[in-house]
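Asks: Just passing along the structure, written as C-alpha coordinates.
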(Lines of atoms letter the chains of each structure in order from A; the text may use other names.)
(Lines give C-alpha, C1' and ligand atoms only; values in the text may rest on other atoms or scores of the structure.)
Protein backbone atom coordinates (compact mmCIF):
# COMPACT_ATOMS: atom_id res chain seq x y z
CA UNK A 1 0.00 0.00 0.00
CA UNK A 2 1.36 3.36 -0.92
CA UNK A 3 0.65 4.79 2.52
CA UNK A 4 3.75 6.93 2.33
CA UNK A 5 2.26 8.88 -0.55
CA UNK A 6 -0.21 10.63 1.72
CA UNK A 7 2.75 12.11 3.55
CA UNK A 8 5.35 12.75 0.85
CA UNK A 9 5.28 14.07 -2.72
CA UNK A 10 5.70 11.77 -5.67
CA UNK A 11 9.30 12.93 -6.14
CA UNK A 12 10.33 11.18 -2.91
CA UNK A 13 8.94 7.79 -3.92
CA UNK A 14 11.11 5.19 -5.58
CA UNK A 15 9.89 3.80 -8.91
CA UNK A 16 11.92 0.64 -8.19
CA UNK A 17 10.07 -0.40 -5.04
CA UNK A 18 9.34 -4.11 -4.76
CA UNK A 19 5.91 -5.52 -5.45
CA UNK A 20 5.12 -5.66 -1.74
CA UNK A 21 4.94 -1.86 -1.68
CA UNK A 22 3.02 -1.26 -4.88
CA UNK A 23 0.46 -4.04 -4.44
CA UNK A 24 -0.41 -4.31 -8.09
CA UNK A 25 -1.85 -7.76 -7.42
CA UNK A 26 -5.07 -8.40 -5.56
CA UNK A 27 -3.57 -10.69 -2.91
CA UNK A 28 -3.26 -9.11 0.53
CA UNK A 29 0.42 -8.61 1.29
CA UNK A 30 2.13 -9.13 4.69
CA UNK A 31 2.52 -5.42 5.38
CA UNK A 32 -1.20 -4.96 4.71
CA UNK A 33 -2.00 -7.67 7.24
CA UNK A 34 0.25 -6.06 9.85
CA UNK A 35 -1.38 -2.66 9.32
CA UNK A 36 -4.89 -4.14 9.42
CA UNK A 37 -4.17 -5.98 12.67
CA UNK A 38 -2.71 -2.89 14.33
CA UNK A 39 -5.54 -0.65 13.14
CA UNK A 40 -8.09 -3.21 14.35
CA UNK A 41 -6.50 -3.23 17.81
CA UNK A 42 -6.67 0.55 17.97
CA UNK A 43 -10.36 0.51 17.04
CA UNK A 44 -11.25 -2.34 19.41
CA UNK A 45 -9.40 -0.78 22.34
CA UNK A 46 -9.67 2.92 21.60
CA UNK A 47 -13.36 3.27 20.72
CA UNK A 48 -14.83 1.63 23.85
CA UNK A 49 -12.10 3.04 26.08
CA UNK A 50 -12.60 6.62 24.98
CA UNK A 51 -16.38 6.18 24.84
CA UNK A 52 -16.37 5.16 28.51
CA UNK A 53 -14.28 8.21 29.36
CA UNK A 54 -16.69 10.49 27.46
CA UNK A 55 -19.64 8.90 29.25
CA UNK A 56 -18.13 9.16 32.74
CA UNK A 57 -16.59 12.63 32.41
CA UNK A 58 -19.52 14.06 30.47
CA UNK A 59 -22.49 12.57 32.32
CA UNK A 60 -21.37 10.98 35.60
CA UNK A 61 -18.70 13.21 37.12
CA UNK A 62 -19.40 16.64 38.55
CA UNK A 63 -18.50 19.40 36.10
CA UNK A 64 -15.00 20.65 36.84
CA UNK A 65 -11.96 21.92 34.97
CA UNK A 66 -10.29 18.52 35.19
CA UNK A 67 -13.33 16.65 33.87
CA UNK A 68 -13.53 19.10 30.95
CA UNK A 69 -9.86 18.49 30.12
CA UNK A 70 -10.37 14.72 30.08
CA UNK A 71 -13.65 14.97 28.17
CA UNK A 72 -12.00 17.04 25.44
CA UNK A 73 -9.04 14.66 25.27
CA UNK A 74 -11.32 11.63 25.01
CA UNK A 75 -13.43 13.26 22.28
CA UNK A 76 -10.34 13.93 20.17
CA UNK A 77 -9.04 10.39 20.64
CA UNK A 78 -12.49 8.92 19.94
CA UNK A 79 -12.75 10.81 16.64
CA UNK A 80 -9.29 9.57 15.73
CA UNK A 81 -10.24 5.95 16.42
CA UNK A 82 -13.57 6.23 14.58
CA UNK A 83 -11.82 7.48 11.42
CA UNK A 84 -9.54 4.44 11.21
CA UNK A 85 -12.04 2.06 9.51
CA UNK A 86 -12.11 4.38 6.49
CA UNK A 87 -8.33 4.01 6.26
CA UNK A 88 -8.57 0.22 6.54
CA UNK A 89 -10.82 -0.18 3.49
CA UNK A 90 -8.14 0.81 0.91
CA UNK A 91 -5.73 -1.68 2.49
CA UNK A 92 -7.79 -4.59 1.20
CA UNK A 93 -8.69 -2.99 -2.16
CA UNK A 94 -5.30 -2.37 -3.77
CA UNK A 95 -5.14 1.09 -2.14
CA UNK A 96 -8.22 2.18 -4.09
CA UNK A 97 -10.06 5.09 -2.45
CA UNK A 98 -13.83 4.55 -2.57
CA UNK A 99 -15.13 7.62 -0.76
CA UNK A 100 -14.45 10.56 -3.07
CA UNK A 101 -12.25 13.70 -2.86
CA UNK A 102 -14.18 15.35 -0.03
CA UNK A 103 -13.81 12.34 2.27
CA UNK A 104 -10.13 12.13 1.30
CA UNK A 105 -9.56 15.70 2.42
CA UNK A 106 -11.59 15.29 5.61
CA UNK A 107 -10.07 11.99 6.73
CA UNK A 108 -6.46 12.96 6.03
CA UNK A 109 -6.93 16.34 7.67
CA UNK A 110 -8.84 14.84 10.58
CA UNK A 111 -5.85 12.72 11.59
CA UNK A 112 -3.71 15.81 12.09
CA UNK A 113 -6.55 17.83 13.58
CA UNK A 114 -7.14 15.31 16.35
CA UNK A 115 -3.39 14.70 16.65
CA UNK A 116 -2.75 18.37 17.41
CA UNK A 117 -5.83 18.57 19.61
CA UNK A 118 -4.82 15.54 21.64
CA UNK A 119 -1.23 16.70 22.02
CA UNK A 120 -2.19 20.27 22.93
CA UNK A 121 -4.72 18.97 25.45
CA UNK A 122 -2.02 16.83 27.06
CA UNK A 123 0.13 19.95 27.31
CA UNK A 124 -2.74 21.87 28.92
CA UNK A 125 -3.34 19.04 31.41
CA UNK A 126 0.35 18.95 32.29
CA UNK A 127 0.55 22.72 32.81
CA UNK A 128 -2.69 22.63 34.82
CA UNK A 129 -1.26 19.95 37.11
CA UNK A 130 1.86 22.03 37.57
CA UNK A 131 -0.14 25.13 38.51
CA UNK A 132 -2.20 23.13 41.01
CA UNK A 133 1.01 22.15 42.77
CA UNK A 134 3.02 25.37 42.66
CA UNK A 135 0.15 27.93 42.70
CA UNK A 136 -2.71 26.30 44.64
CA UNK A 137 -4.17 29.56 45.99
CA UNK A 138 -4.24 31.18 42.55
CA UNK A 139 -5.94 28.08 41.10
CA UNK A 140 -8.52 28.12 43.87
CA UNK A 141 -9.45 31.71 43.03
CA UNK A 142 -9.25 31.63 39.23
CA UNK A 143 -9.62 28.02 38.07
CA UNK A 144 -13.26 27.68 37.02
CA UNK A 145 -15.15 25.35 34.60
CA UNK A 146 -16.01 28.33 32.40
CA UNK A 147 -12.32 29.08 31.86
CA UNK A 148 -11.75 25.37 31.27
CA UNK A 149 -14.36 25.37 28.51
CA UNK A 150 -12.68 28.38 26.89
CA UNK A 151 -9.39 26.50 27.08
CA UNK A 152 -10.89 23.53 25.23
CA UNK A 153 -12.15 25.83 22.47
CA UNK A 154 -8.70 27.41 22.14
CA UNK A 155 -7.14 23.95 21.85
CA UNK A 156 -9.44 23.04 18.95
CA UNK A 157 -8.85 26.36 17.19
CA UNK A 158 -5.07 26.00 17.43
CA UNK A 159 -5.31 22.38 16.28
CA UNK A 160 -7.39 23.43 13.27
CA UNK A 161 -4.86 26.11 12.33
CA UNK A 162 -2.00 23.63 12.62
CA UNK A 163 -3.75 21.06 10.43
CA UNK A 164 -4.67 23.45 7.59
CA UNK A 165 -1.77 22.26 5.34
CA UNK A 166 -3.02 18.68 5.59
CA UNK A 167 -6.53 19.70 4.55
CA UNK A 168 -5.08 21.70 1.64
CA UNK A 169 -2.69 19.06 0.27
CA UNK A 170 -4.92 15.99 0.64
CA UNK A 171 -5.94 14.98 -2.88
CA UNK A 172 -7.74 12.16 -4.63
CA UNK A 173 -5.71 11.35 -7.74
CA UNK A 174 -6.08 9.01 -10.71
CA UNK A 175 -3.68 6.08 -10.26
CA UNK A 176 -4.82 3.81 -13.09
CA UNK A 177 -7.85 2.56 -14.94
CA UNK A 178 -10.85 2.99 -12.66
CA UNK A 179 -8.55 3.44 -9.67
CA UNK A 180 -8.34 6.44 -7.35
CA UNK A 181 -5.92 6.99 -4.48
CA UNK A 182 -6.01 9.41 -1.57
CA UNK A 183 -2.61 11.03 -1.09
CA UNK A 184 -0.91 14.00 0.49
CA UNK A 185 0.41 15.81 -2.58
CA UNK A 186 3.04 18.07 -1.03
CA UNK A 187 5.30 20.03 -3.33
CA UNK A 188 9.07 19.71 -3.03
CA UNK A 189 9.28 23.21 -1.52
CA UNK A 190 6.53 22.62 1.05
CA UNK A 191 7.50 19.13 2.27
CA UNK A 192 10.39 20.23 4.48
CA UNK A 193 8.75 23.28 6.13
CA UNK A 194 5.55 21.36 6.89
CA UNK A 195 7.47 18.40 8.31
CA UNK A 196 9.66 20.67 10.44
CA UNK A 197 6.62 22.56 11.74
CA UNK A 198 4.87 19.29 12.58
CA UNK A 199 7.95 18.01 14.41
CA UNK A 200 8.35 21.16 16.51
CA UNK A 201 4.69 21.85 17.29
CA UNK A 202 3.47 18.27 17.24
CA UNK A 203 6.28 16.62 19.18
CA UNK A 204 9.42 18.25 20.50
CA UNK A 205 7.91 21.33 22.20
CA UNK A 206 4.93 19.43 23.71
CA UNK A 207 7.21 16.61 24.83
CA UNK A 208 9.57 19.00 26.62
CA UNK A 209 6.65 20.82 28.28
CA UNK A 210 5.04 17.55 29.42
CA UNK A 211 8.37 16.21 30.67
CA UNK A 212 9.30 19.34 32.62
CA UNK A 213 5.83 19.74 34.14
CA UNK A 214 5.66 16.16 35.37
CA UNK A 215 9.19 16.24 36.74
CA UNK A 216 8.43 19.41 38.70
CA UNK A 217 5.14 17.97 39.96
CA UNK A 218 6.90 14.79 41.06
CA UNK A 219 9.65 16.77 42.76
CA UNK A 220 7.18 18.96 44.65
CA UNK A 221 4.85 16.14 45.69
CA UNK A 222 7.73 13.92 46.77
CA UNK A 223 8.75 16.48 49.35
CA UNK A 224 5.21 16.68 50.72
CA UNK A 225 4.68 12.93 50.96
CA UNK A 226 3.46 11.91 54.39
CA UNK A 227 2.72 8.25 53.69
CA UNK A 228 6.24 7.06 53.06
CA UNK A 229 7.91 5.83 49.92
CA UNK A 230 4.96 3.81 48.56
CA UNK A 231 3.05 6.87 47.37
CA UNK A 232 6.22 8.39 45.96
CA UNK A 233 6.95 5.27 43.92
CA UNK A 234 3.38 5.23 42.59
CA UNK A 235 3.67 8.86 41.51
CA UNK A 236 6.97 8.13 39.82
CA UNK A 237 5.45 5.20 37.91
CA UNK A 238 2.63 7.42 36.65
CA UNK A 239 5.10 10.11 35.53
CA UNK A 240 7.28 7.59 33.71
CA UNK A 241 4.25 6.00 32.02
CA UNK A 242 2.90 9.34 30.80
CA UNK A 243 6.21 10.56 29.37
CA UNK A 244 7.25 7.25 27.82
CA UNK A 245 3.88 6.60 26.18
CA UNK A 246 3.93 9.99 24.46
CA UNK A 247 7.57 9.63 23.42
CA UNK A 248 7.41 6.05 22.17
CA UNK A 249 4.16 6.50 20.24
CA UNK A 250 5.17 9.61 18.31
CA UNK A 251 8.96 9.69 17.91
CA UNK A 252 9.13 6.77 15.40
CA UNK A 253 6.78 8.54 12.98
CA UNK A 254 8.78 11.79 13.04
CA UNK A 255 12.09 9.96 12.64
CA UNK A 256 10.82 7.97 9.66
CA UNK A 257 9.40 11.08 8.00
CA UNK A 258 12.71 12.95 8.20
CA UNK A 259 14.62 9.90 6.98
CA UNK A 260 12.28 9.66 4.00
CA UNK A 261 12.82 13.33 3.22
CA UNK A 262 16.60 12.94 3.29
CA UNK A 263 16.82 9.60 1.48
CA UNK A 264 17.21 9.49 -2.29
CA UNK A 265 14.35 7.91 -4.17
CA UNK A 266 16.77 5.44 -5.78
CA UNK A 267 18.39 4.46 -2.48
CA UNK A 268 18.30 0.81 -1.46
CA UNK A 269 16.96 1.92 1.95
CA UNK A 270 13.87 3.57 0.46
CA UNK A 271 11.62 0.46 0.44
CA UNK A 272 12.50 -0.31 4.07
CA UNK A 273 11.66 3.25 5.08
CA UNK A 274 8.24 2.99 3.50
CA UNK A 275 7.57 -0.21 5.41
CA UNK A 276 8.77 1.47 8.60
CA UNK A 277 6.41 4.36 7.91
CA UNK A 278 3.41 2.03 7.86
CA UNK A 279 4.31 0.62 11.28
CA UNK A 280 5.18 4.04 12.73
CA UNK A 281 1.84 5.46 11.63
CA UNK A 282 -0.02 2.61 13.31
CA UNK A 283 2.01 3.13 16.47
CA UNK A 284 1.05 6.81 16.54
CA UNK A 285 -2.61 5.81 16.54
CA UNK A 286 -2.00 3.65 19.62
CA UNK A 287 -1.52 6.80 21.67
CA UNK A 288 -5.27 7.30 21.40
CA UNK A 289 -5.74 3.98 23.22
CA UNK A 290 -3.25 4.74 25.98
CA UNK A 291 -4.53 8.20 26.87
CA UNK A 292 -7.74 7.01 28.61
CA UNK A 293 -5.79 4.54 30.73
CA UNK A 294 -2.94 6.83 31.71
CA UNK A 295 -4.70 10.16 32.17
CA UNK A 296 -8.15 9.18 33.41
CA UNK A 297 -8.50 5.61 34.58
CA UNK A 298 -5.60 6.02 37.01
CA UNK A 299 -7.51 8.83 38.72
CA UNK A 300 -9.44 7.83 41.82
CA UNK A 301 -12.31 10.25 41.15
CA UNK A 302 -12.85 8.71 37.71
CA UNK A 303 -12.96 5.19 39.13
CA UNK A 304 -15.36 6.26 41.88
CA UNK A 305 -17.73 7.90 39.38
CA UNK A 306 -17.62 4.91 37.05
CA UNK A 307 -18.29 2.50 39.92
CA UNK A 308 -21.28 4.53 41.09
CA UNK A 309 -22.69 4.59 37.55
CA UNK A 310 -22.22 0.86 37.10
CA UNK A 311 -23.79 0.20 40.49
CA UNK A 312 -26.87 2.21 39.51
CA UNK A 313 -27.14 0.43 36.17
CA UNK A 314 -26.77 -3.04 37.68
CA UNK A 315 -29.27 -2.27 40.43
CA UNK A 316 -31.76 -1.09 37.80
CA UNK A 317 -31.24 -4.16 35.59
CA UNK A 318 -31.30 -6.68 38.44
CA UNK A 319 -34.33 -5.26 40.24
CA UNK A 320 -37.31 -7.61 40.34
CA UNK A 321 -40.34 -5.56 39.19
CA UNK A 322 -42.78 -7.74 41.22
CA UNK A 323 -40.96 -8.06 44.53
CA UNK A 324 -38.80 -4.91 44.27
CA UNK A 325 -35.84 -6.95 45.45
CA UNK A 326 -32.40 -6.63 43.95
CA UNK A 327 -29.87 -9.32 43.37
CA UNK A 328 -27.63 -9.39 46.40
CA UNK A 329 -24.35 -9.85 44.57
CA UNK A 330 -24.50 -6.55 42.66
CA UNK A 331 -22.12 -4.85 45.08
CA UNK A 332 -19.81 -7.85 44.88
CA UNK A 333 -19.68 -7.49 41.10
CA UNK A 334 -18.88 -3.81 41.44
CA UNK A 335 -16.10 -4.48 43.91
CA UNK A 336 -14.62 -7.13 41.63
CA UNK A 337 -14.77 -4.68 38.72
CA UNK A 338 -13.09 -1.98 40.82
CA UNK A 339 -10.15 -4.22 41.61
CA UNK A 340 -9.56 -4.70 37.89
CA UNK A 341 -8.48 -1.04 37.75
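Even glycines carry a Cβ here, placed using N, Cα and C.
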Asks: Write down the single range among 109-127, 128-146 that appears in TrEMBL as transmembrane segment.
Replies: 109-127
Asks: For the transmembrane segment (68-89) and the transmembrane segment (273-298), decide whether they are in contact, meaning at least 3 CB pairs lie under 8 A, counting pairs 6 or more apart in sequence.
Replies: yes
Asks: I need to check the long-range neighbours of the transmembrane segment (273-298): which residues 6 or more away from its ends have a CB within less than 8 Å of a CB in the stretch?
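Replies: Those are 1, 3-4, 7, 13, 17, 20-21, 31, 34-35, 38-39, 41-42, 45-46, 49-50, 52-53, 56-57, 70, 73-74, 77-78, 80-81, 84, 114-115, 118, 122, 125, 238, 241-242, 245-246, 248-250, 252-253, 255-257, 259-260, 263, 341, in sequence order.
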